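Annotated in TrEMBL:
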type	residues	note
TRANSMEM	20-52	transmembrane segment
TRANSMEM	64-90	transmembrane segment
TRANSMEM	110-132	transmembrane segment
TRANSMEM	166-190	transmembrane segment
TRANSMEM	210-230	transmembrane segment
TRANSMEM	237-259	transmembrane segment
TRANSMEM	265-290	transmembrane segment
Amino acid sequence: MTAQPQGGVLRWFLSGRWQAGLSIAVLFSLAGLVPFLAAPLFLNCVALVALVTIQAGRKESLEVLVIAGIASMLFTFNPWFGVIFALVAWLPGRLLGEGLHWDTQWSGVVWVLIGLSLLILVLMLWVVPLGAGPDFWQTQMTQMLKPLAKEISKVQMAAVLRMTPLLPGIMAAGLVLLWTLAALLASRWYERYQGLDRPQRVYGSLELPGMLIWLVVATLLGISLLHGALAWPLQNLALLVGTWYLLQGLSFVHLWFAAKGWPTIALLGLYIALILLSQLLLVLSVLGILDRVFHLRQRLLRPRS
């Protein structure tokens, strides 16, 4: 039976380029004007652009870019907001939409995530600092912490500054997680619009390319052999690659829970534990590597005799 498009907000949003463009512009403008809501609003902007790309097509996606870009400038009285929207919200959303359209599972999205995050890392390592290296980020963080000098201890200040050289990798890793959530949202919204009650593209089917393991080996080898400024880019790359395998590890956990028939509340408990115990992120990254190298998911799904 052919699924019929659902009504409600999604149907209204996708009913015309003006509704889509102005809705996205409002969300993006609010993200810039209300900092504490920036992350969820920005997430929705990227997801909605991806949804337009999958459902309406490439031409409509370009029309939404023009409408939302101009509207963002008018709403904020800032001409740069249109440019920022095109680069940080529309472009990732468009590419994620193309990735979702390319494949019925996650391989297209995975390649988009890898390419975009590597681009961000390169920009943060060499373009933004203009060749100044980690000293640039140390200076920026020191300036940001000056107003808080009386409120935080010297030990806390030193701990933050020690982590500062990893800011490029941290920012790229954070964007990977945000883009992944945006792709998940766009995929689910598209399925709901099509009238599908059960997800067809489940997160447990996400897998990284097998060849990527050689990048892990090369990165770890480089970090062990190089020191100082030469090791700095590789340390940030290791953080980013670890985030990719965190996605693989989480995918395996989702698949495990589904195979065992465990309730959703157990999965929710895992995510709460991840928030409270950040050390588990490393464990899941290692699990992702083991899954990819030893094909753990194939063994999990193999029928038992």
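Yeah, the Cβs are placed from backbone N, Cα and C, and that goes for glycine too.
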Can you find at least 3 Cβ pairs under 8 Å between the transmembrane segment (166-190) and the transmembrane segment (265-290), where each pair is 6 or more residues apart in sequence?
-> no
Of the listed stretches 20-52, 64-90, 110-132, 237-259, the one with the highest count of C-beta pairs below 8 angstroms to the transmembrane segment (265-290) is 237-259
